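For reference, the structure is listed below as structure tokens.
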Amino acid sequence: MMNVMTEVKKQRNFAYPSARGYGAAALLLTLLPFLLQNQLYYLDTLILALLWASAAGAWNLAGGYGGLLSLGHAAFFGIGAYTSSLLFVKLNVSPWLGMVAGAVLAGLMGWFIGMITLRMKGPFFGLATIAISEVLMITAVNWTELTQGSQGVNIPYKPGFVNMAFDSKIPYYFIALAICLVPYLLARWLKESKFGYELMAVRDNEAAAQALGIHTVRVKVVIIAVSSSITAMAGAFYAQYVTVIEPYHEFSFSVSIQMVLMAMIGGLGTASGPIFGSLVVTGLDTFLRDVFQGAQGGIQAMMYGSLLVLVVLFVPEGLIPWFTRRFRSGKGEK
Amino acid sequence: MKRSKFVSISLLLLIVSLFVNACSPSDPRADSHKVRVGVAFPTSGNLAKIGQSCANGTQIAADMANARGKGPKIELAKVDVPTAVTGVHEVNRLILKEKLQLIVGTYASPISLAASGITERNHAVLWEVAATDPRLTRRGLKYVFRPNPDATMYGPATIQFLEEVVAPELGLKNGEMKMALIHEDGDYGEGVAASTKKAAKKAGIPIVEEVRYNAKATNDMSSAILRLKNAKPDIINMVQYNTDAQLFWKQAEQMDLNAKVFIGNGAGQSSDNFGQTFGDAANGVLDTSSAISINPRALSPEMRKIEEEFQKRYKKKFGVEPDLIARLAFSSAYILFHDVIPKAGGTDPDQIRKAALSLDKPIGSTLVGWGVKFDESGQNTRAAMSVMQWQGGELAVVYPEKFKKREPAMIPLPKWSERK
Amino acid sequence: MIFLQLLISGILIGGVYALISLGLTLIFGVMRIVNFVHGDMLMVAMYLSYWLFTLYSVELYTGLFLVIPVLAALGALIYWGVIRFAIRRSHEASILATIGISIVIQNAALLLWSSDYRSVHNEWATHSLQWGDLRISAPLLIAFIGALLVTGLVFAFLHYTYLGKAIRAASMDRFAAILMGVNPQRIFTVSFAIGTALVGVAGALLSSVYAVHPTLGTQFLLISFVVVVLGGLGSLRGAILGGLLIGVVETVSAYFIGASMKQLVYLLLFLVILIVKPAGLFGKRIPEVNQ
């Protein structure tokens, strides 16, 4: 428990900005898409960054705060993408409702997975989640009547609010921002709620938490379910934004890993870490693609891999905690 | 005085230049010296081999069109799009940041479907040179063009070949030729297999077995081969990528899988790597595809020259012989760079569409043997398929009659035990 | 007859899985890290033997003896350069590090050797032994025998040398081993080098079976994790038996259920084992990772 307390204190600077800070941030976030209206490519980059930030943030709830190192969150991402797209394409259900349906379905799935993986720890939990997302991938490929198999689902572009399809990129930005705020606010809440303390206690020492009377099973299962639901929302948004989904990508290991990496780079178990991590990774990716355009494919991926290694070697706790520490120590010296 | 003279001379020059411009639309280089075209292929990740060939072929097409100097000089902006989501992002970049209106791409169907949504919304053209998903041109998109055949054309071409060449050779009627399918379970395998099944049904050729497998996760083909063996087919029809095609063929020899005809569909069996790996053991394998190298006599004299030049330039620039997919990409991109862009006088999407729809070239007028006639949906209706065969370490066209370089041989294919 | 052939094929491909998993189980067992570089080391080893064969006409089974030391050195280098720092922190960090290295190696291979599919086509490649209607693939049989030999050697090393005993001690109880004067850094470096060298053996033996390309490793990585967990962490015997079991399950289910669904069967088996018996079929309980 001590661990948790000091951690909360440590992050006060970044995680709890002042009221004025809030106002400024809100204003900036609202104005940003309009400022970028003539820089649509950067707006597109920003939307993708927010999309991955929501998924990474959702992962972070279970992975960062709960210590449940899932390597198969693509399962939920895929469930979200498939549920909303199939409902829309086959039954003409609005993707807004589809997103909710996907979140509920993924939540139930998360609940189930949480129950069956309770005894697993560390790497075993991770490997089990990889296996689960692979199982879903194979199901999606082979259950052709439902999913259209490996040909994937192509979402017809019919602009309109109900269809969650727009001519302008600005509405997409605000949807992505809204989804992204869900895990962020939840993470903030975790830091000051009883449930959050229980969760972090379970993460830090399960046996001790149990001894203190915390219902560890319930805590873990709830956080996996919540994390899965939000990941599914990100998946549903992805499907609407990209308009094509296919099992070999949506349920892939690389999608799972992307969430994990962004959260880790930003800082595990911090509210703003995944957002920051996503901005850094997406921004860097965009920048590298710009610099190396036309070059043999692979160079930018190599730089990306090297960055990961460098983060592990030099900023192992993640960028947000690292900045916070620097900021604090800088102040202390004055 | 001096000043007014200067002004009037400038004015005169301006008028003259305007006049010259207006009167000489036949020389579009005067008003647009160069255009930039986006090129988006997966050059990293697991499609890298094919994506790189496509990008190379497109590059040579641009070089050669520029050397001809018929239209504006073409500059390529190449990007790497290993997945659908990077496809969306990169195509957005090309259109929104680089202000390009024309994208050549993308090889893989999911990437193509995703990219075409972006190009259409942003009033830009997607010139697809390799993807085969029929849905691409069936969604009512205005600015998508595909010179190459879609997946639905493979089946009929294969079946026609079986009816016209194989059946007489084997002395079997359609109903007596038992066919088995083995295909990867991705978009490409499923699409081609579906069209083959449909065409076979129509022709009354029985399908006795169908084996689907995941190309990315298959380390062993023995179960699949056993199933094929058990079905005792006369014809085995394969839709495979590179690694799985090689594994399949190795294990087919090891497990003594025999059939009278082995026929592939593009990709795996048409890759240069297939011949490099197996040498003589590849001989006799057939492959339905867009022709790699058709008989020069079926080509127009102009195309014969282009064929030679393409070979030479490709070899010089990339140090290897062009493979099938590079040729395909070259052929399709060359139509765009050499015929469409000069005619459209630039890359304006509506002009490109007009110019593309007005093309009317007979069969044999492209490097790979097709003609060009786009329908309203942007699909080339004269995209023809041919059947090739590995003979003496080389892949040569054996069908149709008009394109063939060599006679079909080794039908029926000798058993493994009788070879060598 | 069909069933016998399926069994034979299953055992052969199971031998391949076992061979690849041996190194992984050693690393996993000793260091408890999920090593995502393992598949890429297989890829590197296959390229090495391919180039040795193509450029210097070194036969595969001779090249083996050149590939092993190179891979061992590479493994030690990776451990010494990166993993060493990550392992002190958390398994999150070490997973991140191995994924990073994996991305770097795959793309370096793409840049260096292009995306072409390369495979060694020697006289063994498509050879098979016949016995009535049964067929036994020669290169797979050799790989299988290789797997058994290597297991024997590693087993002897772990049980009869001081270093080997220290490795086993560290894998059973790291803390106690340190108290007994075992230098953990040295043990880890050696284990990582040996683990990587073992996958080098696999690479050399398999380069005539599979066409190598930069992303080849990913196709073997997941299945070798399945094998390792099934067999029990750090258990060589478990890796062999787990590999054979998975091979047979895969082959039989591919035949009866369909090749496209075969993964489903072994992944579900894997999940059931994780739920019911997380220590694996043949492993011992490990306090840090099992409850």
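Glycine is no exception: its Cβ is also placed from the backbone N, Cα and C atoms.
Per TrEMBL, the listed range annotated as transmembrane segment is A:68-89 (candidates: A:68-89, A:222-243). Through the fold, the transmembrane segment (A:21-36) approaches residues 42-43, 46, 169-170, 173-174, 177 of its own chain, all at least 6 residues removed from its boundaries and within a Cβ separation under 8 Å.
Contact between the transmembrane segment (A:170-190) and the transmembrane segment (A:259-281) is supported by 3 or more Cβ pairs under 8 Å, counting only residues 6 or more apart in sequence. Sequence-distant neighbours of the transmembrane segment (A:42-61) (same chain, 6+ residues past either end, Cβ-Cβ under 8 Å): 32-33, 36, 70, 73, 76-77, 169-170, 172-173, 176-177, 179-180, 182-184, 186-187, 190, 223, 226-231, 233-235, 237-238, 241, 258-260, 262-263, 266, 268-270, 273-275, 277-279, 281-283, 286. When Cβ-Cβ distances below 8 Å are used as the criterion, the transmembrane segment (A:68-89) is approached by residues 55, 58-59, 62, 95, 97-99, 101-103, 105-106, 109-110, 113, 122-123, 125-134, 136-137, 140, 146-147, 153-156, 163, 220, 223-224, 227-229, 231-236, 238-240, 245, 247, 250-253, 255-257, 259-260 of the same chain, each at least six residues removed from its ends.
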